[in-house]
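Report on the following structure.
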Amino acid sequence: MAVERTLSIIKPDAVAKNVIGEIYSRFEKAGLRIVAAKMLHLSQEQAEGFYAEHKERGFFPDLVAFMTSGPVVVQALEGENAIALNRQLMGATNPKEAEPGTIRADFASSIDANAVHGSDSAASAEREVAYFFSENEICPRS
């Protein structure tokens, strides 16, 4: 099994609910290491750039508005099969369909305010981690 890196964003709804620590605990209990982290309030340009692949989709303006509505916590996670493991921890995009005990089942209120983002592939993970972190901001841990 390969050690991978993935990007996770704790979205404005979950930050507002004050569950950052509970989400971090789930990452760590699952064997993921937080190798970079920052809290920031995304600008419109940052949100549009990050979600550029969705620019032509109808939900894009609402997504950008939501992601800029309050602070987010962005982290790079590292571990064995980190991408799939993080997606398993997050649960289905729609919290109503998410398995009990997943982050979205426990902390999300709707498909739009769904608590967390996670990279969906190795290519996305590489691009997304680099979008928020320079190489010297990442602190690999063994």
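Including glycine, each Cβ sits where the backbone N, Cα and C put it.
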Binding-site annotation, Swiss-Prot, ATP: partner of Lys11, Phe59, Arg87, Thr93, Asn114 in Arg5, Arg104: Arg104
For the binding-site residues Thr93, Asn114, the one whose C-beta sees the most other C-beta atoms within 10 angstroms: Asn114
Other C-beta atoms that fall within 10 angstroms of the C-beta of Arg87 (ATP binding site): 20
